[in-house]
Structures are given as C-alpha cells and as structure tokens.
Amino acid sequence: MVKICCIGAGYVGGPTMAVIALKCPSIEVAVVDISITRINAWNSDQLPIYEPGLEDVVKQCRGKNLFFSTDVEKHVSEADIIFVSVNTPTKTRGLGAGKAADLTYWESAARMIADVSKSNKIVVEKSTVPVKTAEAIEKILTHNSKGINFQILSNPEFLAEGTAIQDLLKPDRVLIGGRETPDGQKAIQALKDVYAHWVPEDRILATNLWSAELSKLAANAFLAQRISSVNAMSALCEATGADVTQVSHAVGKDSRIGPKFLNASVGFGGSCFQKDILNLVYICECNGLPEVANYWKQVIKVNDYQKNRFVNRVVSSMFNTVSGKKIAVLGFAFKKDTGDTRETPAIDVCKGLLGDKARLSIYDPQVNEFKTLDYQRIYDNMRKPAFVFDGRNIVNAEKLREIGFIVYSIGKPLDPWLEDMPAVA
Ligand code: UDX
Ligand code: ADP
C-alpha cells in the first residue's frame, strides 16, 4: 500500500488530502500538523475550515484511509510520498521584508524529514514558494540524507477557497515539476499515478521544477491582474457614466479574453494573490529586472487604490465625516462561501472607516444572503438619508432606490447625491 503523509493541515493540505483519500481507496493518507487544536478539530464534527462539500468527503474517509495526527515524525518516516503544505507568509522583517516569502516553516519541515527518514522518499512541494525553493530544499535533504534518496517535486495547488472540493475533483490541470533525470522522471510518474485515479491523463502536465514553481506565481499574478484591470475601469466608469458590468460583459465576449474573473469589486483579498505577487516582484528585483517588477507591483497598487476609493466614497457622501455614525458591515471574509478573513479587503475598509471614527458592527454568515434581506424593514429603522455601499455589486440597486436608499455600486452610474459629493482621493 502506498503511504502519503501531508505536513500542514490547513486550507490547502486538508481538502487536497481528503480528496486524494476519497479517490484512492488503496492509498493511506495521513495529514499531520504541529497544531494540536487544528488536528483535534479535523478529528471532530466541527472541522477547522469551512468549505462546501468538505465535511462529506472527510466523513466518508476519516478512520478508513484518511487520518489526522500530531505524530508528525512517525507518519513522515513511514510515508513513500510526503506533501509539504506548511504556511509561507510574507517576511515581516530582515532581508526582503514585506515582499519575500518566509520559508522558516518550510525549512524546519525539510530538516525534520531528513532527520526521521529511513527509506527513500518523494517530497512534494505543495505550498506556494519562490522559484528555486525546491533546489534549496533538495540541498537540505541531500546534505543530511544518510544515504537516502530524496526526489523533490513541485505540485502547485490551484484550488480556490469556497470551491476547493469541486476544483480538486475536476481540476483544469494538475502540474507536476521534477528533475529531468531518470530518478526525477520516476518520481513524476509515481505522483501522476496518484492523480490518474480520477484526473484525465491529458490534464496532468509534467514540467521541469522551476517551470512548475513559476507557473503557480504566474497564474495568480494573471488572475489578480484581471481584477485590477477591471477595477481600474470601474473608476473610469464612475467618472464617465458607463456601467462596468456592461463593459465587462462586452469585453468578456471576446473569446480571447473570456468572461470569467471580470467582476469589479472593492478589491481582491485572500491569502494568495497579494503574497504571490509580492513574491514575484521580489524575485524580479533579485534577478535585475526592475521594469518587470514594477509592472506587477502596479497590480497591487491598483488594488490598494480601489479599497481607498471605496472608503473615500463612504466618508465623502456622508458630509465628509463618519465620526460617531453607525455602519453595518455585511460580510467580512475575503469572498463568499468561506470563513477565511486573511488579507480580506474588509480589513482595510474597516480600518479606513475606524480612522474616521465610525462605529462599526460586523456580520458574516459565511454564505451569501445579502441579496434577500428585508431592505424595506432595514430602511424603516435607519436614520435618513440612508445609504448602501455595495462593494460587490450584489444588491438590486434600483429596488433599493425605490425604497429610498442612496446606493453606491462600484463602477456604475452615480446617484445624483454621490455626484454632488465628490470623493477626495
Ligand atoms: C486564488 C486562485 O483563484 C487559486 O487558483 C489559487 O490556488 C489561490 O488563489 P482564492 O484566493 O481562494 O484563490 O480565491 P479567488 O476566487 O481567486 O478570489 C480572490 C479574490 O479576488 C477574492 O477577494 C475575490 O472576491 C476577488 N475577485 C475574484 C474579484 O474581486 N473579482 C473577480 O472577478 C474574481
Ligand atoms: P495554507 O492556506 O497554505 O494551507 P495554513 O496556514 O492554512 O496554510 O496551513 C498551514 C499549516 O501548516 C498550519 O496548520 C501549521 O500549523 C502547519 N505547520 C507549519 N509548520 C509545520 C511543521 N513544521 N510541521 C507540521 N505542521 C506545520
């Protein structure tokens, strides 16, 4: 029986391993973590992360061929394939602070693998890491290997939160990067065999190590860039009276551009986009490519601009002050269908409003119910004029206006009230 061990029971490791266990009954999968509370939660009825469909998958496999444990060393030493999906936050101090990935957790995991291994292992990089991390990890492993053969693979994860289970069950592609040596190719094949249980072969792509690592950063940078592009357009739409939804629709009809990921918003959030772009920027700078670095930096700058713009709209439309005014924040996660608040634009919006001394009440139901609230009742209980600022363009603005609200929708023609109260940048 092939044994897989995954180090790190987080948003990536947990769902990915649950789906591997579901689709590969002949493989034993152990997910290990140093956090006792996280592992206890995975073994309980209250999983540590909210993800539609996850609970079903975990319940089907847990205790059969899927195990959650804090006995990291035991499971690592027994495994044939080790996935590493520990956290890689942006460095907050020292060299590369604010940009480079902090590989402390990765390095300590690699040293532990080298310490406890007694048989050959395939070590799979699953966390998003800077290009050439695999090479560094390979060095740590081979220099401490005691004659054991370690093969490093990069197998970046493309799942999005909120749709993780569907993304894992039907991936657009699975990417496996490895060394171009006979042993490297054998390791790639071993991992291909795991995914081939449910992923069509033409969707499993094999590349060299660095292409796989860079593809993950590139994919996230392209996606984030689309959002910044449409958000930049949303500002122009407001200034000219165009409607960003109509513009996105028209632009997305071009089959070369495509319709997905063109929704204007208060800005992108989540644990990946900003971190990965900062990482990309740092790598470009380190490789003497300042023009390329600046190009990608602009994607983040536009995202920050979009969040500021939203706060400014709120403040300026309420007579340039929200001091002492009560504001309900509906939704705090970085997008719908998740409980994850890492890097959510709501943090910056709330900080901006608190900076102007607003009184905030924050509510997040983890799913999207704001379309169907009883806005008439809400309106009746509010001080007038009553405002709705929609950072996701989900409410029916016309209906709300009929009730009496002043409505701001990102990238849409402005209410006369808002036109009279220009936002100061
Ligand atoms: C992303 C990538 O999609 C995924 O492939 C990668 O593995 C991890 O990073 P995730 O961060 O979970 O996934 O969510 P995603 O759906 O990409 O949304 C990111 C942010 O962009 C959210 O804040 C979302 O609201 C925002 N967004 C997305 C928009 O503002 N407009 C859009 O059209 C799409
Ligand atoms: P991601 O979103 O990439 O999955 P998370 O922060 O959700 O990241 O999860 C990473 C997990 O990795 C955390 O639960 C953390 O406790 C765990 N972790 C970090 N370092 C180690 C380590 N050396 N051994 C075991 N688990 C680790």
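Any Cβ shown, glycine's included, is placed from N, Cα and C.
The following features are taken from TrEMBL:
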BINDING   8-13, D33, R38, 86-90, 127-128, E161, 272-275, R342  NAD(+) binding site
ACT_SITE  C272  active site, nucleophile
DOMAIN    328-397  domain 'UDP-glucose/GDP-mannose dehydrogenase C-terminal'
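Sequence features annotated in TrEMBL and their locations in the structure.
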{"residue": "G8", "record": "NAD(+) binding site", "CB count, 10 Å": "27"}
{"residue": "Y11", "record": "NAD(+) binding site", "CB count, 10 Å": "23"}
{"residue": "D33", "record": "NAD(+) binding site", "CB count, 10 Å": "23"}
{"residue": "N87", "record": "NAD(+) binding site", "CB count, 10 Å": "15"}
{"residue": "T90", "record": "NAD(+) binding site", "CB count, 10 Å": "18"}
{"residue": "E161", "record": "NAD(+) binding site", "CB count, 10 Å": "24"}
{"residue": "C272", "record": "active site, nucleophile", "CB count, 10 Å": "25"}
{"residue": "Q274", "record": "NAD(+) binding site", "CB count, 10 Å": "21"}
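With a cut-off of under 6 Å between the Cβ and any atom of ligand 2, the recorded positions T90, E161, C272, Q274 reduce to an empty set. Summarised by DSSP class, the composition of the domain 'UDP-glucose/GDP-mannose dehydrogenase C-terminal' (328-397) is 18 helix, 12 strand, 40 coil.
The two recorded residues D33 (NAD(+) binding site) and C272 (active site, nucleophile) have their Cα atoms spaced 21 Å from each other. In this structure, the recorded positions that sit close to ligand 1, with a C-beta under 6 angstroms from any of its atoms, are E161, C272, chosen from G8, Y11, N87, E161, C272, Q274. A gap of 16 Å separates the Cα atoms of G8 (NAD(+) binding site) and the residue listed as 'active site, nucleophile'.
When pLDDT is averaged over the domain 'UDP-glucose/GDP-mannose dehydrogenase C-terminal' (328-397), the result is 94.
N87 (NAD(+) binding site) sits 11 Å from the residue listed as 'active site, nucleophile', taking the Cα positions as reference. Following the DSSP three-state reduction, the secondary structure of T90 (NAD(+) binding site) is strand. Annotated pair Y11 (NAD(+) binding site) and the residue listed as 'active site, nucleophile', C-alpha to C-alpha distance, rounded: 11 Å. Q274 (NAD(+) binding site) carries a helical DSSP state (H, G or I).
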